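What Swiss-Prot says about this one:
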- 100-102, 131-134, 141-143, Thr189, Ser321, 326-328: substrate binding site (BINDING)
- His190: active site, proton donor/acceptor (ACT_SITE)
- Ser320: active site (ACT_SITE)
- Glu333: site 'Important for catalytic activity' (SITE)
Amino acid sequence: MTVAKTRTETDTFGPIEVAADRYWGAQAQRSLGNFKIGWEKQPASIVRALGVVKRAAAEVNMEMKRLDPVVGKAIVDAAQEVIDGKLNDHFPLVVWQTGSGTQSNMNANEVISNRAIEMLGGVMGSKKPVHPNDHVNMSQSSNDTYPTAMHIACAEQVVHHLIPALHHLHKALDAKARAFNHIIKIGRTHTQDATPLTLGQEFSGYAAQVASSIKRIEMTLPGLQELAQGGTAVGTGLNAPVGFAEKVADRIAAITGIAFVTAPNKFEALAAHDSMVFSHGAINAAAAALFKIANDIRFLGSGPRSGLGELSLPENEPGSSIMPGKVNPTQCEAMTQVCVQVFGNNAALTFAGSQGHFELNVYNPLMAYNFLQSVQLLSDASVSFTDNCVVGIEAREDNIKAALDRSLMLVTALAPTIGYDNAAKIAKTAHKNGTTLREEALATGLVSEVDYDRLVRPEDMTHPG
């Protein structure tokens, strides 16, 4: 007996053949043919989130006596398999589809319907006893389901991946700040010599940037935790029973362990995604901070003989195919590339967020994809940068001291005693003649050897006073 390679699925456009071993149905199959665009698939976190929505909706519909318990239980079980990632291979659709995410919502409805039918001993594609629209999509619309899945996926990834990764980086930078606090170095402003500080103080600034980034991102979570579910097509809640929105948000919170709530205004939740733009803005700010930190570290580690050479960075791999022995700041370069990608994602996401024409924003898959890519890249890069660079950074104290000793900006310590103009003249003369500050200061007769040695003490210039 020959096993059929396809089965016939139907929708309102008629029949279509689907691979027999695939759970998706007619609408997902049509999407595969209609949107042969790019290689970017719907993120696995969105697929998981759609499973969460479908499970929560089925549980609430059963509780409200709208869904037969046998059908509902099968939907819940099938949706849980989606949540667990067991059915990821059955979600083949690309990002570039209808802007409401309708095809992906129907992909979820069809997969869960067919898997539930299979669990109940029925025939896949028959839509009996579990219908993808009537049962799996009960009390829902793609217009509230996909935005809800967006918020679930983005919040979960921020909470479980990005914030822990940034904490990991902060801990390492803070440890370096404490380890380097005794090392006095010359500061630089406008890339030119400035007054001294400690290397630990410099690293404390990096640690503070990361800590502030975490706080700013956490401030945006309440917006992501507001869910559109229950607004259905245009925000009115048509075909969803009274109380469904609140109950389904409670179920989603219970399933995910994140304090999701129903959005107070469903018209805003469907037509605008300002909370996504706001949250990604904080992520973008974190990328700006990480770009600065990675840049500073690679410049401070430049050399080893002809650069600043204040830091020694871990040597992880050969750096050149032509120059033997060359080692490059590869982790810094990877981090800065990631940050540039996040900047680009922020521009795309900001524009997409502005396109809520009338009652619905139709850039949802793009917004979700860019947001989630930023979170994954920054999370991964933060861990990689920490483990393969930051923890192994060492100070080159001999180079740091040499640069400090020859800096002309130590003259700043004399200004309160001999005046700004006289101090500036000493610095310029020393630079012109190639002499030391001490020599030129004593030559002016404005300060004695004892006073110079008392006033120009780098260790006293790293704090107020």
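Glycine is no exception: its Cβ is also placed from the backbone N, Cα and C atoms.
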Coarse DSSP state, helix versus strand versus coil, of Ser100 (substrate binding site): coil
Shortest C-alpha distance to Ser142 (substrate binding site) - which of the recorded positions His190, Ser320, Glu333: Glu333
Among Ser100, Thr102, Ser320, which are recorded positions, the residue with the most C-beta atoms within 10 angstroms of its C-beta: Ser100
Among Ser142, Asn328, which are binding-site residues, the residue with the most C-beta atoms within 10 angstroms of its C-beta: Ser142
Integer Cα-Cα distance in angstrom, Asp134 (substrate binding site) to the residue listed as 'active site': 61
Spatially closest candidate among His190, Ser320, Glu333, the listed recorded positions, to Pro132 (substrate binding site) (Cα to Cα): Glu333
Cα-Cα distance linking Glu333 (site 'Important for catalytic activity') and Ser100 (substrate binding site), given in Å to the nearest integer: 36
Packing count at Pro132 (substrate binding site) (other Cβ atoms within 10 Å of its Cβ): 27
Least surrounded among the recorded positions, given as Asp134, His190, when other CB atoms within 10 Å are counted: His190
Cα separation, Lys326 (substrate binding site) to the residue listed as 'active site, proton donor/acceptor' (Å, whole number): 29
Secondary-structure category, per DSSP, in which Glu333 (site 'Important for catalytic activity') falls: helix
